[in-house]
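**Q** Please see the structure below; I have some questions.
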Amino acid sequence: MKVECASNIGFCFGVRRAINILEKTAAEKGGVETLGALVHNQQVLNRLSGMGVRVVKNIEDISGRTVAISSHGVGPLVLDELKSKGLEVVDTTCPFVKRAQVAAKRFHDAGFFTVIYGDVNHPEVKGIMGWAGGDGLATLNPQGLVDVPDVSRYIGVLSQTTQIPTGFTSFVKNVIDQALVKDAEIRIADTLCHDIRERQTAALELAGRVDLMLVIGGHNSANTRHLLDLCKTVSNTYLIETASELQTGWLRGVNRIGITSGASTDETTISEVCSYLGSLSAGT
């Protein structure tokens with residue numbers, strides 16, 4: 001049984017940057033709180049917890065004088081509230097997410113109705129919507145504009161950074177089809193993360209060459225779920241968070257296994273999965 005890892009695997013640039021910032025802050029201050037989980041990966045959060053990093057869900061729960069913003073970012077009103085309380089804010093927002101926030105603000109300042117292709121309940125999308133002044137729509141439904149009464153003829157479209165490119169392209173086409181009858185002016189900002197795009201491409205290429213694909217990452221991670229959906233289109237694919245979730249029944253008749261990971265999956269977890277697969281192969 002041969003195991004091959006995709007070329008883009010492990011932490012993405014944004015996650016690695018956020019973790020480095022948080023580790024440094026925790027070491028300097030003897031611990032730090034984060035407003036929301038830094039990333040959607042429990043193994044990483046457990047390790048950070050051991051370094052004195054504590055996750056709080058609400059601003060009211062902050063007990064210290066320093067708080068870190070997660071890599072998913074927040075809206076301007078949240079930032080203003082934190083600063084009004086005299087808190088030191090450590091911003092670990094991913095630069096690609098920042099770019100999406102800037103695009104949303106630019107649309108808003110120009111008087112455009114902002115349409116975000118993304119999960120309305122995801123913290124990244126909530127933050128981006130905040131930079132659009134709350135005047136917009138976040139949806140994955142290509143017919144979403146139909147349900148918006150009196151939508152502006154000026155429309156700005158952008159995407160949650162971790163979405164699948166073909167999905168965003170299809171979404172944009174549908175927005176144009178719906179809006180043209182309103183004599184609309186449409187602006188489109190490509191806010192997809194380049195790292196995630198390359199990761200998806202590499203995973204899809206590998207999935208086409210193996211009998212089984214394993215996606216390692218958090219079950220609640222958006223970019224990890226997108227990798228699962230993509231790989232499923234060409235290969236038998238399973239999502240696991242740790243080696244303990246791997247079922248030996250999946251491996252019957254399998255000669256080649258491909259591995260990819262979500263952007264917040266650490267190298268230790270990936271190595272443990274590879275080692276476990278190696279032990280199974282040696283025992284056959």
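Just so it is clear, glycine is given a Cβ too, placed from its N, Cα and C backbone atoms.
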**Q** Using only what Swiss-Prot says about (2E)-4-hydroxy-3-methylbut-2-enyl diphosphate binding by His40, His72, His122, Thr161, Ser221, Asn223, identify which of Ser264, Ser271, Ser275 is listed for that site too.
**A** Ser264
**Q** Can you find which of Cys12, Cys274 Swiss-Prot lists as binding [4Fe-4S] cluster at the same site as Cys94, Cys193?
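**A** [4Fe-4S] cluster site check in Swiss-Prot: besides Cys94, Cys193, the record includes Cys12 out of Cys12, Cys274.
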**Q** Of His40, His122, Ser221, Asn223, Ser264, which binding-site residues are close to Cys94 ([4Fe-4S] cluster binding site), meaning a Cα within 10 Å of its Cα?
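**A** For Cys94 ([4Fe-4S] cluster binding site), the binding-site residues whose Cα atoms are within 10 Å come to none.
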**Q** Within the chain of Thr161 ((2E)-4-hydroxy-3-methylbut-2-enyl diphosphate binding site), which residues six or more apart in sequence place their C-beta under 8 angstroms from its C-beta?
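**A** Sequence-distant Cβ neighbours: Cys94, Phe96, Val97, Ala100, Glu124, Thr191, Leu192, Cys193, Ile196.
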**Q** Beyond the listed site residues His40, His72, His122, Ser221, Asn223, Ser264, identify every same-chain residue whose Cβ lies within 8 Å of the center of their Cβ atoms for the dimethylallyl diphosphate site.
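**A** Along the chain, the qualifying residues are Val39, Asn41, Glu124, Thr162, Gly218, Asn220, Ala222, Thr224, Gly262, Ala263.
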**Q** Per the record, (2E)-4-hydroxy-3-methylbut-2-enyl diphosphate is bound by His40, His72, His122, Thr161, Ser221, Asn223, Ser264: how many Å separate the farthest pair of Cα atoms?
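**A** Between the most distant Cα atoms of the (2E)-4-hydroxy-3-methylbut-2-enyl diphosphate site, 16 Å.
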**Q** Closest of the binding-site residues to Cys12 ([4Fe-4S] cluster binding site), Cα to Cα, picking from His72, Ser221, Asn223, Ser264?
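**A** Comparing Cα positions, the closest of these binding-site residues turns out to be Ser264.
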**Q** Once Cys12, Cys94, Cys193 are set aside, which residues in the chain still have Cβ within 8 Å of the Cβ centroid of the [4Fe-4S] cluster site?
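**A** Same chain, not in Cys12, Cys94, Cys193, Cβ within 8 Å: Phe13, Gly14, Val15, Ser71, Pro95, Phe96, Val97, Thr161, Thr162, Asp195, Ile196, Ala263.
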